[in-house]
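Engineer: I'd like to ask some things about the structure below.
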Amino acid sequence: MAIGVKALPFTFVAHGLGLAGAVMVLVWCIYYLGGLAFESTNKNLIFNIHPVLMLIGLVIIGGQAIMSYKSLTLRKEVKKLIHLVLHAIAIILGIIGIYAVFKNHNESGIANLYSLHSWIGITLISLYGIQWIYGFVVFFFPGGSATVRSESLPWHVLFGLFVYVLVVGNAALGFLEKLTFLENSGLAKFSSEAILVNFTAIVAILYGVFVFLTAISQSSQPEDDFSYSSI
Ligand code: HEM
Ligand code: HEM
């Protein structure tokens, strides 16, 4: 899958947006929401781990993993290793982030899995895990036959982008949900915090757009393009 433009400019924009998004979510959760903690009598601090790890983990590092084939000029075997390791880090941070919100709910007497965001979230982390295991087994170890690998690859790319786009959408849903809770408890609708949260979600969506554009554009190493014969 490739459109006739170079990926590199999209990758640069994505990196800038990723950095901005990471800073913005940290400023929100540390400066406005009071900080991050796994153990605290203030259970909100346990919740705060959730947006930070979901955005930096699944969205930003997951996006870096997808872009690694296009943003790096290394040997394909090396890029494959970077791709699978970055995706593994994204999944681990995602699981810890979801664990944090379950912990916050359990210790605060709040029900689990009642919202659309949480249902989509559980589905996505499961699909992400399945995609990773399938990718690992077919493309890395033990590795499928040449036919299985080349036939699987377009599906791997399609399914990977599909899950990633939904991850970004669900992160936006999460920001909306938390901001609505805060506004219902008295936060002013046009306060600097409310505007920061909306802009963080916009930056996350734009980051997702540029990751997607990077993935469907041409590599700076021309031999990589349309190379769906895996190594
Ligand atoms: C894309 C990555 C994300 C995934 C996969 C995800 C997944 C989840 C899951 C599974 C829960 C349910 C936990 C439970 O029921 O105990 C949850 C809760 C929650 N998440 Fe996320 N989340 C993501 C990003 C975010 C972001 C960026 C925010 C922004 C603040 C957020 C806000 C919330 C809130 C407010 C809850 C508690 C209310 C509820 O259960 O819906 N999430 N999330
Ligand atoms: C949840 C985890 C994963 C997701 C979301 C994902 C997603 C993607 C996407 C979107 C692409 C297209 C990138 C591009 O063309 O720029 C891709 C390519 C690829 N992925 Fe994954 N991937 C995951 C895990 C893995 C794993 C564990 C492996 C094992 C090595 C793997 C191997 C590959 C290979 C070989 C390519 C082909 C690169 C090429 O020939 O252009 N992926 N992946």
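Backbone N, Cα and C atoms are what each Cβ position is placed from, and that goes for glycine too.
If you look up TrEMBL, you'll see 13-216 marked as domain 'Cytochrome b561'. Under the heading transmembrane segment, TrEMBL lists 12-33, 45-69, 81-102, 114-141, 153-175, 195-216.
Set these features in their place in the structure for me.
Structural biologist: The list of residues near the transmembrane segment (114-141) in space but at least 6 beyond its ends in sequence, with Cβ under 8 angstroms from a Cβ of it, reads 58, 62, 80, 84, 87-88, 90-91, 94-95, 98, 148-149, 152-153, 156, 159-160, 163, 166-167, 170, 173-174, 177, 230.
Residues 1, 50-51, 54-55, 58-59, 62-63, 66, 116-117, 120-121, 124, 127-128, 131, 134-135, 138-139, 197-198, 200-201, 204-205, 207-208, 211-212, 215, 228, 230 of the same chain sit 6 or more residues outside the transmembrane segment (153-175) yet have a Cβ under 8 Å from a Cβ within it.
The list of residues near the transmembrane segment (195-216) in space but at least 6 beyond its ends in sequence, with Cβ under 8 angstroms from a Cβ of it, reads 1-3, 7, 10-11, 13-14, 17-18, 20-21, 24-25, 27-28, 32, 55, 59-60, 63, 66-67, 69-71, 157, 161, 164-165, 168-169, 171-172, 175-176, 178-179.
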Engineer: Roughly where does the domain 'Cytochrome b561' (13-216) sit in mean pLDDT, to the nearest integer?
Structural biologist: 98
